[in-house]
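First the structure, in the form of structure tokens, and then the observations on it.
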Amino acid sequence: MLRPTGKQYVVTRPLYSEDAFADEHAKVRRQRKTTRHHVKDYFTWNSKRVKNAALSLLPIVGWMRIYRLKEWLLSDIVSGVSTGLVAVLQGLAYALLASLPAWYGLFTAFFPVIVYLFLGTSRHISVGAFPVLSLMVSAVVTRMVPDEGSLFNITGFQGLSIEEQRVMVAASVTFLMGLMQLAMGLLQIGFIVMYLSDTLVSGFTTAAAVHILVSQLKFVLGLEVRGLSGPLSIIYTLQKIFVQIEKTNMCDLATSLVIMVVVFLVKELNDRYKAKLPVPIPVEVIMTVIACGISYAFDFKEKFKVDVVGHIPMGYESPVAPNMEIIGHTAVEAFPMAIVGFAVAFSVAKVYAVKHDYTIDGNQELIAFGASNIFGAAFKSFAASTALSRSAVQESTGGKTQIAGLISALIVMVVTLAIGFLLEPLPKSVLGAVVIVNLKGMLMQVCDVPYLWRRDRPDCVVWLVTCLASILLGLDLGLAVGLGAELITVVFRTQFPRCSVLANITGTDIYKDRKDYVSIYEPEGVKIFRIPSPIFFANIDFFRGKLVEAVGFNPLRVLRKRNKAMRTIRKLLEKGELQMLPKGLLFTSSGPIEEYLPANIQVPRVDVHSLILDFSAVSFLDISALKGLKAAIKEFIWVEVEVYIVACDAHILEKLHSCMFFDEDIKSSMFFLTLHDAMLHVSEKHPVRSENTNVYTKV
């Protein structure tokens, strides 16, 4: 019975052990499905399931049915035009970042968007080139096709220029990346992204920002620096830059500095006055147009030897099949690209899904990006995901659905088919400057380190290890090292949990760590031990050690000493040096009878009569832990300590029954529903006189 009394409540109910509760309250008998039933259900189709599957695979059908033409179309058009202009600029810039000719970035800003329109579940992200992925593509491209020529004997390379070989490598690794994403989506393993924590992603993207910054220095300074990949490539690249720093093109440097300062200031104004501005000022586009016009008017290419975008072919190239030899050489790099591309896109999509109150499907997103990259690779685009800055433009300018994405793709198509020649005088240093300015958000993540150090040092270690490894070893190896560090921290958190001894908060049925509170009540002879993690093969020894430390004695050692004392007593009884009397043992020395045992017989004293194990945070037990737990409980029972287990999960109880955990020593009656039930039971069995009650008030 529950009686509320103001801000207090009074509960009147019987004292429950698990057995007593099971006897009084019948459980519902549930038929659990076997693996065979799950397989059968998976392959059983009906009209409703076919319809749901179709809607799931084509999310466009779902949101097109609710599309508000009059309310949303104009917003989508405005958003699409703004996003399209940014997509053109970023496409050109990120293609250079990927060590490819600039115009191939326009392909990445078009083909994947069209596929995602039909298959994607997010209505707000802008699909296309992403700087981190572009850099990962660059690492593959420069490894297989360095500036001096191909190091790999690939049949498809014959008769191709270095640029064409690099495009083939980029398209092939993108195809493989898309194939991996598609396979993961079809196999319903989108959960894999959960293993990339926010801390790991933050450290990884910060390192990627450093790589991107270094890679763009050659454009900003107007230097010719050979692309490098592999461990310590960033160090070697910086060395090559500083060796020829005196050759800096001052026109490129001045242009870049002006672009960076203006774009940075206007972006800050956009952020500060975003509530008042109808749309953010497209400063990158404006400055690019101005720089392009000035470069054309003053002939930067000829007069100042500025490296410009150059000829942009009109139209699209014919689709090509991926090169299987290249795929065989790039599988190791393609997998982290697939994971990173999906993880970043899914993270951005989740933000906007929560903001605009709709759901996204991780597995369907994998399918969408997989198909987008496969389709794009056929038309020589490189790896696509999403960029936070471009998605922010699409959402902040009023985009409601992926119709905005379609409009942005059409803007890119117009540039590709008709007006791309207008961008030919654009200095590459301008694109480099725009890329560097947009790194601010990723680079500023380094400010999270002091906070992480104060709040969660293992997470801080993961961040630092991931960031440093990614900077020094390269993004692919760095991601693997970061993931390993993250898994190690998980192992340490579960293998060495913070166990505690609990005490009753005086006057309540609440139990907390005895070290943390002032007024606590601890019945004499009772210890309450809590382990806040699963118990498994890796931490069962740690658990037993902490348990011995908590009770203050080792039951096995006590048992050995008791047995040794008993053997000595038997020998003395046989020799007549010890007499058994109704009141106890009397020791007979060579004189009068002594009323004490000999000094060499020591029987350890155990002050604990009841041990309560709080299993409320134990989510599972494996077989090794089950055996270790059983041995530990028996040791305490053998030294006459009663053991109780409270708040045990029902599935763990079932496992204990099925694994023959119970025997003549360990009985199911030792399990109690709650900690307070067990304490009341102990109090009834071992009543404590008021003068002996231990109530501590810490000062």
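Placement of Cβ uses the backbone N, Cα and C atoms for every residue, glycine included.
Remember, predicted model here, so these are calculated numbers, not experimental data.
For 516-682, the entry in TrEMBL reads domain 'STAS'. Residues annotated as transmembrane segment in TrEMBL: 73-96, 102-119, 250-267, 279-298, 334-354, 366-383, 403-423, 460-485.
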Legend entry - Same-chain residue ranges lying at least 6 outside the transmembrane segment (460-485) that approach it to Cβ under 8 Å: 132, 135-136, 139, 195-197, 199-200, 202-204, 206-208, 210-211, 229-235, 332-333, 336, 339-340, 448-449, 452-453
Inset, instruction - Count, for each of 73-96, 250-267, 279-298, 366-383, 403-423, the Cβ pairs lying under 8 Å from the transmembrane segment (334-354), and report the range with the highest count. - result: 366-383
Inset, instruction - Using Cβ atoms only, state whether the transmembrane segment (102-119) and the transmembrane segment (73-96) have three or more pairs under 8 Å that are 6 or more apart in sequence. - result: yes
Legend entry - Selection from 73-96, 366-383, 403-423, the stretch that has most Cβ pairs under 8 A to the transmembrane segment (279-298): 73-96
Legend entry - Local confidence of the prediction over the domain 'STAS' (516-682), expressed as mean pLDDT: 84
